[in-house]
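Database features (TrEMBL):
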- 376-417: repeat 'WD' (REPEAT)
- 418-459: repeat 'WD' (REPEAT)
- 460-501: repeat 'WD' (REPEAT)
- 502-543: repeat 'WD' (REPEAT)
- 586-627: repeat 'WD' (REPEAT)
- 628-669: repeat 'WD' (REPEAT)
- 670-711: repeat 'WD' (REPEAT)
- 712-753: repeat 'WD' (REPEAT)
- 754-795: repeat 'WD' (REPEAT)
- 796-837: repeat 'WD' (REPEAT)
- 803-926: domain 'WDR90 4th beta-propeller' (DOMAIN)
- 838-879: repeat 'WD' (REPEAT)
- 880-921: repeat 'WD' (REPEAT)
Amino acid sequence: MMGEPFLLQIILTVLPSLMKRHSIGTKISKSQIYEAFNEQWIDIHVKNIVHKLSELRIQSIPKKIKFAFQQYCQDLGFEMFMQGNQVATEHDYKEYEKDKIWSKLDPIIEAETKSEYERLKIKENISNTTVTKKQDIWDQYFNGDSIAKYVLRKVGDNKYQFVHKSCQEYYAAQKIMLDILSWKPNIIVDINNQQFQQQFETYVQKLSINCKLLNEELGIIQFIAERIHDNNLIFVNLKSRLFRIIESSKNNENVSIAAANAITILNSANINMSYQNWSNVKIPYAILDHAFLEGTNFSNANLDNVSLYQTCLTKVHFTNTSMNNVYFGEYIYLEGHSDEVIGIQFSPDRTKVASYSNDKTIRIWDTASSNQLCVLKEHSDKIDEIQFSHDGSKIMSCSRDKTIRIWDVLSGQQIQILKGHSSTITAAQFSLDCSKIVSSSLDKTIRIWDVSSGEQVKLLEGHSNSVNTVQFSPDYSKIVSCSEDKSIRIWDALSGTQLQLLEGHSDDVVGVHFTPNGLNIISYSDDKTIRIWDVVSGKQIQLLEGHMDDINGIQFSPDGSKILSYSDDYTIRLWDLLSGKQLQMLEGHIDSVIIARFSSNGSKIVSGSDDNTVRLWDVSSGKQIQELEGHSNKITGVEFFSNERKILSCSADSTIRVWDIALEKKIQLTGGELGMIMDVKFSPDGSKIASCSADKTIRLWDVQSGRQIQVFEGHSQIVCGAIFSSDGSKIISYSDDNMIRIWDILSGKQIQLLKGHSGVIYNIEFLPDNSKLVSCSKDETIRIWDISSGRQIQLLEGHSDEVNEIAISPDESKIVSCSDDKTVRVWDVSSGDQILLLKKHTGVVNSASFSPDGTKVVSCSSDKTIRIWDISSGNQIKLLKGHKADVLDAQFFPDGAKIVSCSKDNTIRIWNILTGDDIQILEGHSDWIFGIQLSPDGSKIFSCSDDKTIRIWDVSSEREIQLLEGHNGAINDICISPDGSKLVSCSNDKTIRLWGSDNGKIVNVTERNSVNYIWKAGNQRGLSMISSVWKDTKGLTSLQKLLVKQRGGIF
């Protein structure tokens, strides 16, 4: 029975009863499944007992027997939690006759004929009970022929346990919850909140939640957390009472365990705990990982030993707070580089780290202290690779300045420069005794150098195109190289003569490595394959196929039996070296995997990606263990520390980070993990919000409560966007899986699949009467679809590259499209014919749209220009110049007299159409501005940016009037509600925020108004401390204080 996962077994067991209780499409929690299972399980035993009692002509009340079972299970489950033991032991008892067994049940049942309040009333705090022997604890549960024999399973001589540990956790959770919820105030009528709280506080110390920390019992935490979101009226006060327990710790240190447990449970339930007045609370050992605590006041609080891993602490007050042994899960940045950090490398003895960057410097750091030891700066262009010498005394670097430089690690001085290559040097490696260096270059050559003299001693020619890498064999007798000429060559290291030419790849060979024993060579190529070759014969002996896109690198496992490969297809793959079989595929990244490394014992893999995350994987299961978020740009390097308790990562965000991965257990947040949110839209009536995500789902949210109403699942890749039908009954979504799907909102079911595009879909729009849909794609086409049949009606071909955007004319007769082919095209809707080809742009066209009267089109491009076109003639009317970088969006004002644009130059510009002048420049964003929206009357501009902010601008005064902060990642989209009252935003931080103004309508907001978020959906990702206050905080180490300062905290 236990061979399969227990949860799956009980789901199958209780499926019929679940279907009766819950309508199709309803999300069912784990707690509800266990509730159904345990009720069904107890009912079976109750029926058996009732039947046997009736045979003995003993009258019984099934409800009382059932209650006795439940009470017993709750008490025993909680006792096991208290004792930290899943097995209860029974004393040896004398055999009883069968009739006595059944007759003894009634007194137990009769003892339960009390009022509901009295039944649930908690015993005196367990901590006040003196226990002399552990065995005595179990005696009360084995009173002769007790219920134990029916609810427990025997696992040894006189040893019993629940059918599964999770059942014990469920019952312990039930006892804790019912204990909290059963309390009632002495005075019920006309009691105010303060009186209620005062009475409740006198009771908290006696609660079972105050007996022991739940930190090691994450299953119990999850069961309670799920009930906070349960619609059953029994649990309606659970959330508020947990908040009251935290509040009660302000005045009573003896309830600190209860308070810590309460806030841990609320956090697990993903409850928003921002802007709370929790000064003086006492919550030592609370788990606040991924908690959202923005603006909360913890002044004078006790936060000793609290875990704040990946927590939002923005604007939090920690004045005079006790924070001894607080855990952040991260260490201080290694700060110093001023541009993208390309890579990191430990010295052979692991005491130092070297990093290299596009700022043309190499920096050496002390591993223990994170202090920078020296800066190596002589290169005049970007550095592509570095390597420590085998004894760690030197570093060799190669650069796009066509030189190799050798540095003394201790002094930081350059001791040699090797010149001779006529183009960028792609790779270099020391020989065994460090007397020689071999290098490769885009100049198609390989060169061997004498380190002491700096002279070139060998020139290896033969490749007909750029040489991508070069490497010595393990015994240093041979050299292997690979090239864009699709070949691999093996050379004699002493003479420089070519020994073998290995051919077979059908595209550029990107990398090549000798196997640890030197007998084979492994290569990987842009043809998406890995090949294994025999060194002696030069023959291919294995072909490893599976990757769907370019392979970025490979690495051998420490024992040499496996290799890992990582790719632009978002995956890491593990291969058996001997057989060539794929052992594991590690999936989770949502963009190219740039780097991956084995741990020293080969049990784990760490990876870094273009999705800005570092991920930790278990090799044996292929499962992701941790996701480390915080970098604001792609990850370029990852390494394990020698003790494997920490990870080092570097990024294009110019930082190097140190992560603690020692924490094994992670609190499980209810509500599931939202992926990166790509798009948000209001329903036509403004009552709902649709979001689409990198987690391949579309989710529907209730605007008023923030509650998730529906999840639409079916896409197999990132969902890029979604729109509502005009009547709000359907959602249409489009995805990287090349599909458009139509969903029924009420049932959550997919009702239509529009299949035809062969590339990622970038945009969809409704045509007149909402019966047809237009889409554009990476496949260079535009397609018109009939929604009811799902049939493609028109195929609009003409673009020679990706079609980025489409828009419908105001009279709905035309479509305008723009493309990476640098053109704008106008199409007739009815015929599908191309009417106009507008080509003046010299770069990718990012956006195109019609003027309000439909007579003009505005387009913007990566050529830094905006162009206005006349629809009737196809002529360019105006060329708008001024932006200093790619223009990402441009729109007409509602009156058609002005245009607003945003750019990668971090500015918004307003242009006069008649003169072509930029009449206003709005500055304030510190990074790319991805989107702009105008208020209906054109008086306000709403902008969102990679700088993690939303800004509201007043057009007439040319000023920023509101700054909306809170997101912890780049903001991907914003949308204003149909009535103009609210704004919704979504971000790479995997959250959605709904914003509102104190004046009732966000579109009418002024400088004097206040704009705040109403609710947030999603889980906090990444440690954030911006504008947090740490005055006179006690217990932080000097390195923790430095970490706080780096993250924007104020002392």
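Residue numbers in this text run from 1 along the chain shown.
In case you wondered, yes, glycine gets a Cβ from its N, Cα and C as well.
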Residue distribution over DSSP helix, strand and coil in the repeat 'WD' (628-669): 0 helix, 19 strand, 23 coil
Residues of the parent chain within Cβ reach of the repeat 'WD' (754-795), under 8 Å, 6 or more residues beyond its termini: 720-721, 723, 725-727, 732, 734-736, 738-742, 801-808, 812, 815, 817, 819, 821, 827, 829, 832
Contacting positions for the repeat 'WD' (838-879) when only residues 6+ beyond its ends and CB under 8 Å are counted: 804-805, 807-811, 814, 816-820, 822-826, 885-892, 894-896, 899, 901, 903, 911, 913, 916
Three-state composition of the repeat 'WD' (502-543), taking helix and strand from DSSP: 0 helix, 23 strand, 19 coil
The repeat 'WD' (796-837): DSSP-derived helix, strand, coil residue counts: 0 helix, 22 strand, 20 coil
